[in-house]
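The structure under discussion appears below in the form of structure tokens.
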Amino acid sequence: MSFNGGTNPYSSTDVDPYDYDYQPQQDNAGTFNSAYAPPVLNQPAEISVDQGMDNEALRLKAMELARREAELEKREREVQNLEHLPVKKNWPRCYPIVYHSIGEIPSEFLRRKIAYMGYISWMILCVVMLLNAFTAYITAFYPAAGLSKEVSTMTIVQYLVISTAMFFVVIPAHFFLSYWPLYKAMEIGAVPRFILFFIGYAVAILFCAFGCAGYLTYGCSGIITAIYYFPTGTTGSIPAFVCNLVMAVIWFAMMVDFIVIFILGVKVFRALKGSLNKIKEYGTGLVQQGAATAISGAVRVGLSGGNNQQV
């Protein structure tokens, strides 16, 4: 039997294989050791890597990242410059006092659509207020068979004056107290804006209900005024009765429209904030902050008073 490094050292039959002191072919140890050299396994294998390609890819990546970083910095500077620029007022066109652009409102959760509904409802309310005043003049000046004992000349004068004043007061009041909070709530989505919107539209709904009732002495054309002018043959007026009855229906339709917008606003608030409890949390935090401010102010006043007494 042949062996890679030479002859088999244990081929002799005179050698005890269990003799641990025996050193086979001691004289040829150098030859044996030099002839067979096992490979060293703990040395890593040499792998050829194209360093030029890796460096080029890294360089291109670094250039791309630097370009994107420069673009982001440029956009941040543009946004900061826009924030510091004064907003150009564009509404109303005859005498701009506010910046108004429904197209810039996000379209998610129908926010832009609700803002459009609120703006159109405000324009419809302008027509409603004009019709209310027009009905008041028809009721006052159209010849009637007779007047109810609840209606006097002073009452009619008050009716005309208040209905005319309402046309000039209610239109801008609704825009800035009801519609504008709606517009800002849909645009920004902040809790305080939604609170103002809820309050403003609750007032608008109650106002329409009041107008539908038609209290003559408060300048509203509606049900009660129609009852006063119900034609009985001896009292009342058919044109006044019909006009006030129609106005009651218009007021009711306006109230329903505001209720729909209010409900849609609640849905948007829930979609953005998760729950109406956010309003309660905001109110609680506001009260706590106010209480803390008041307490700290009282403490400062007390400390300053004590210091003055010591002096």
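Placed from the backbone N, Cα and C atoms, the Cβ positions cover glycine too.
TrEMBL annotations: computationally assigned, not manually curated.
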Stated TrEMBL location of coiled coil, expressed as one of 20-52, 53-85: 53-85
Selected stretch (most C-beta pairs under 8 A with the transmembrane segment (194-218)) from 119-144, 156-182, 238-266: 238-266
Chain residues in Cβ proximity to the transmembrane segment (156-182) (below 8 Å; excluding those fewer than six residues from its ends, i.e. six or more beyond): 98, 114-115, 118-119, 121-122, 125-126, 129-130, 132-133, 135-137, 139-140, 193, 196-197, 199-201, 203-204, 207, 216-221, 225, 261, 265
Model confidence over the coiled coil (53-85) (mean pLDDT, whole number): 78
